[in-house]
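Chemist: Once you've had a glance at the structure underneath, I'll fire off some questions.
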Amino acid sequence: MARYVFITGGVVSSLGKGIAAAALGALLQARGYRVRLRKLDPYLNVDPGTMSPTQHGEVFVTDDGAETDLDLGHYERFTGRSATKTDNITTGRIYKNIIDKERRGDYLGATVQVIPHVTNEIKNFVTEGNEDYDFVICEIGGTVGDIEAMPFMEAIRQLGNDLPRGTAVYVHLTLMPYIPAAGELKTKPTQHSVKELQALGIHPDILLVRADREIPEAERRKLSLFCNVRQSAVIQALDVASIYDVPIAYHKEGLDNEVLAAFGIEPAPKPRMEAWEDVAHRIRTPEGEVTIAIVGKYTGLKDAYKSLIEALYHGGIANRVKVKLEWIESEVFEKEDPAPYLEKVHGILVPGGFGERGSEGKINAARFARERKVPYFGICFGMQMAVVEAARNLAGIEKASSTEFGPTKEPVVGLMTEWVKGNELEKRSAAGDLGGTMRLGAYRAALKPDTKIAGIYGSPDISERHRHRYEVNVDYKSRLESCGLVFSGMSPDGVLPETIEYPDHPWFIGVQYHPELKSRPLDPHPLFSSFIEAALEQSRLV
């Protein structure tokens, strides 16, 4: 029978509920338990697929094609368990499901209301499909007091009564700010946050308190007294150098022991933390440093590239080097020479994106990398722009462009109208909806023998996650290959180009998929490990 841990947040947003949930999941896994993590998002969008990356951050794509919150990326990276579309739900999805049921007549003429219909839908989502798990950790997005989160708070309150006694625990993540003028940490924001949570009928069992310095014992006693929580369950969550130190830090503070104690479970056996300790040691004691330039268009919010950043760090962990990131807005290269920005870097990465803005800058970055022999990694849009660059400057197709930017006589990159998923043919049109209509999720690809990328993977058959609606036009394949660009990976039916490379370049690879989504600190993705290794070689030449 599954036990449930509900994680709420208070005082301010962005305290790290996702990291806390993921770290707790990793600690319970390290004790041998089977863990599932789920995210409840209060916004009205059906999913984050059409939300601006500069507002919401990255859209994390699962194997089964769901566009989800970036916290699911943390869940996967910390636990190694692949998330599914049933691990993330939004208010928009819930209301859509309810309205569809009402239109079908499923409610038999009843007046559809927030209680019980919305709350029941939330409870069903939380509790369904958990037969194979020992613990289900549910993170509730937003902050206690947000009007959007009220139905979720009510639902998890009800679950405290609906579930068998002793199978639901509430963890409240809060902030204890330091006031320089007073020279002390303040408990009042946490007291008010807990009071607001209690007013909703939820009484936290554990307080996880973020702070930038040690919390004195007297302040812990005060929180215990005023928040009605055992003193041992007031857990300090101090700032750490790397998010991969968090599982070790939380175990040291006793979070996993307190969670088990709240369920009446003896905290044995001790968690096996050797792998996490090795990762932490590699991060603390690098044997070198490389600088990677990320030429993107959403650089104003680094969370737009969250999985990408972590995957690069994973490559650094694999090679025992520190990875330093240089962020460059791609529009800069439309007006200025890339050389002054890129001459001293050891690798260039052009990530995914949508739309024409900044595209010429990405093309110029790809040209610089090709001509100067600097390691280049093009992901999704970054691969497409590398192909456009080759078409223009190697194949002499001066008007080469993408139909994403408007009509063109040389559509080197075009809209996909149909593709094979499993045994079924999927079709799309330019007039269709934007949401959920891309080529999403895991697809297989066949790699060409004796290519660099086949050597990196060590296998000719791979599966990677996609999120795109435009694709390199296979009709240009022969013209481009005659100029030295190798199409090193194709879809199994040979219709969709998946990877490209230059055999005469130290490391120039483009991929149509998003390998960063499958990288883990305990299991770095081979492409990122190889890219950082190539950057390390480049650092010895610069």
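Just so it is clear, glycine is given a Cβ too, placed from its N, Cα and C backbone atoms.
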Chemist: Of the candidates ARG444, ARG465, ARG469, which one does Swiss-Prot list alongside GLY353, PHE381, GLY382, MET383, GLN384, GLU404 as binding L-glutamine?
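Modeler: Between ARG444, ARG465, ARG469, Swiss-Prot records just one in the L-glutamine site with GLY353, PHE381, GLY382, MET383, GLN384, GLU404, namely ARG469.
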Chemist: Do you know which of LYS222, LYS252 Swiss-Prot groups with SER13, LYS186, THR187, LYS188, PRO189, THR190, GLN191 in the UTP site?
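Modeler: That UTP site, as Swiss-Prot gives it, pairs SER13, LYS186, THR187, LYS188, PRO189, THR190, GLN191 with LYS222.
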Chemist: Pick the one from ASP69, ASP71, ASP87 that Swiss-Prot also lists for the ATP site with SER14, LEU15, GLY16, LYS17, GLY18, ILE19.
Modeler: ASP71
Chemist: Counting other Cβ atoms within 10 Å of each residue's Cβ, which of the recorded positions CYS380, MET383 comes out lowest?
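Modeler: With the recorded positions CYS380, MET383, fewest surrounding Cβ atoms within 10 Å: CYS380.
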Chemist: Please report the Cα separation of CYS380 (active site, nucleophile) and PRO189 (UTP binding site) in Å, rounded to an integer.
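Modeler: On Cα coordinates alone, these residues lie 44 Å apart.
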Chemist: According to DSSP, folded down to helix, strand and coil, what is THR190 (UTP binding site)?
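Modeler: In the DSSP reduction, THR190 (UTP binding site) maps to helix.
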Chemist: Based on Cα distances to LEU15 (ATP binding site), point out the closest of the recorded positions THR187, PRO189, GLN191, ARG469, GLU516.
Modeler: PRO189
Chemist: Hey, of the binding-site residues listed (SER14, THR187, GLN191, GLN384), which one tops the CB count within 10 A?
Modeler: GLN384
Chemist: Please report the distance from the Cα of ARG469 (L-glutamine binding site) to the Cα of GLU516 (active site), rounded to the nearest angstrom.
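Modeler: Taking the Cα atoms only, ARG469 (L-glutamine binding site) lies 19 Å from GLU516 (active site).
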